Amino acid sequence: MVGIPKKSTTFCQTSSKFSSSLVYRAHPQIRYSASHSDFDSDHDPKILRQPCNKRSSQLFLSIDPTTSRIPPGRVMVQHRSPIVEDDEQTPLLAAVDGGQAIRVGRSRSGSRERRRFSPTTLIAPIAIICRLALLLPSTTNFLISQGAACRLWYLLHDPSSIPPIGRIPDELCEIPEVDKYYAAFLSVLAALDGVGTVVGCGAASYFAGKVGRKPVLLTFLVLGIAAQSFVMVSQLAQGWMQLLFLGLWVLSQTLSNPITTIFVINTYIVDVVRAEDRTAALSRIAGWSSLGGALSFSLGGTITTQTGSMIAIYIVGVSFLVAICLYIAFILPESFPASKREELQRQRTDGGHGIKVVFEPLKRLVPTYDADVGRYNNRLFYCAIHILLVSLADSYAVVGMILYFTTQYKYTPAQTGYVLTTLSLTGVFVLTALIPVIVRVLKPFYARKQDPTPIDRPTSDSSSDGSGNEEEEDAQAQVVSETSDHMDVHITIVSWGVEALAYIVVGMTSTIATQLASVVCIGLGAGRTPVFRSLVVSSVDPLKQGEALAAIEMVSSVGMILSPIVMGSVVTATIASAPRTLFYVHAAIIIVGSSVLFLIRDSDRYKKPPHEELRLHTD
């Protein structure tokens, strides 16, 4: 809670059903809502004090002096002016600090232009550029990996064949022994990506709770810059030194992969948007991120081909990353201020050390006993089972589909490109446009019948689309959610069902046109990812939403590691005799994994503890 001056200034007293009802005029640019613990116990009636001004906010408090408490439903806040704090403890975007909500921001003169943008708008360029820059060298990375495998084989078996300068000629690398090294190298990279996601998300969750979201996001991007720089240096080195720099590239890239970076961006969005806007905001960010990925595959190969240089693409990637780092450092506000970090640290009673902190988020998945209802809350445990099963089936699905098209219909690289581009662009449309509309249309049908649980104040400057009357929105009471979580459950299940059915249809089609139509249907299921993440974060205390997201990403990564082993074995065993088997196995696992979500109860969502509740009402 921001410090409150102790000396009384101006206030007026009116009558009410309680012995005193106070109209409090606050500073024109600071707005508070507070629980009874914020009041000075030495004075009666109890009152928050702050200088008055003709442009002011009004806090209407009805206080029972016999108990020194605010009775439920006796608080009303009116806001009229922007705000002026400009340090880490009072970020540009509104934040909920434990039991008290603090509306904070930057000066009217210095940030009026910025305040017109929603948090989703501020973070969208980061989602696009990060994904674009990190994946831009992907096609070139395959050539680099092949060259590294080739050099390693010749260093171990025939060093004299390695030229003193430059790359090893392609004809020397086109032998079966080198191909085996190359395949093994790619397998190791895939496994390390999964391990890196587990470690990266766990570490990001822990350190973001200590230093904030911005420093962690910047750290991952700096690792991305280092990774691409190591590749450039390796192309200038020879012998074992080249392999050393490539090893450093692998380690840096493992931790700075797009999944961990997007995870931090998602935690930022969860911090700054209202619960009612969260699903749509996460969907839009996922869509913009997918757009960056789609652009990277086409631009990356083009730049390398046109320049004829292995280094050019990495220079472009580093330039993008440096630019977005500057944007984050100087424009993007911190979403998890010091007050919230301190509160989270107080709640971390066990305090792990060393490698244990990486796995700290997994504790969120353990069922907790709810004494109020007399049963265990298994909600996050069910979410973990769901994501493990669907990741196991789905992580290899696109690769399996491309193998199916290549072996059964002799797809050319250009046709494969059409498939991947169609899938990506459909996903972008679904995530950025379709899912937000679906959520808006379905909300009235999933409105909760009981009173929503308050969480004091709105956590975004504006609605998710960046529009709306600020004063009206500021006056609205923030709730955990007025919409039943069954909406997220049903959208997720339907999305998985559409995708699973579309993969089966892929196996039944025989022309390029119908196969592309099936691929479009696969893309229609893209909304499952952000909607499910929104369901996850609605299950825990707002301070621990980052940890819950990290735990789910870690479990998902385990499924990604196992998927090539399990689903790859199915493809290997059936590709010659029954090539469609992969799609049926995929659908069966998806059905089982999705069905787990039916076990989730709306009553198990996060609820504000009763002793912290403070109802806010508006005119």
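One-based numbering along the chain as shown.
Each residue, glycine too, has its Cβ placed from N, Cα and C.
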243-269, 486-512 - the range that TrEMBL marks as transmembrane segment: 243-269
Chain residues in Cβ proximity to the transmembrane segment (216-237) (below 8 Å; excluding those fewer than six residues from its ends, i.e. six or more beyond): 126, 130, 133-134, 137, 141, 144, 200, 204, 207-208, 243-246, 248-249, 252-253, 255-256, 260-261, 264-265, 268, 310-311, 314-315, 317-318, 321-322, 324-325, 328-329
Beyond the flanks of the transmembrane segment (311-332) by 6 or more, those residues with Cβ under 8 Å of it: 114, 122-123, 125-126, 129-130, 132-134, 136-137, 140, 214, 217-218, 221-222, 224-225, 228-229, 231-232, 235, 300, 303-304
Recorded stretches the transmembrane segment (117-136) and the transmembrane segment (582-600) touching, at least 3 CB pairs under 8 Å: no
Whether the transmembrane segment (554-576) meets the transmembrane segment (181-204): three or more C-beta pairs under 8 angstroms: yes
Criterion met for the transmembrane segment (417-439) and the transmembrane segment (243-269) (at least three Cβ pairs under 8 Å): no
Contacting positions for the transmembrane segment (281-299) when only residues 6+ beyond its ends and CB under 8 Å are counted: 119-120, 123-124, 127-136, 138-139, 258, 262, 265-266, 269-270, 273, 417, 420-421, 424-425, 427-433, 435-436, 439, 464, 526-527, 529-531, 533-534
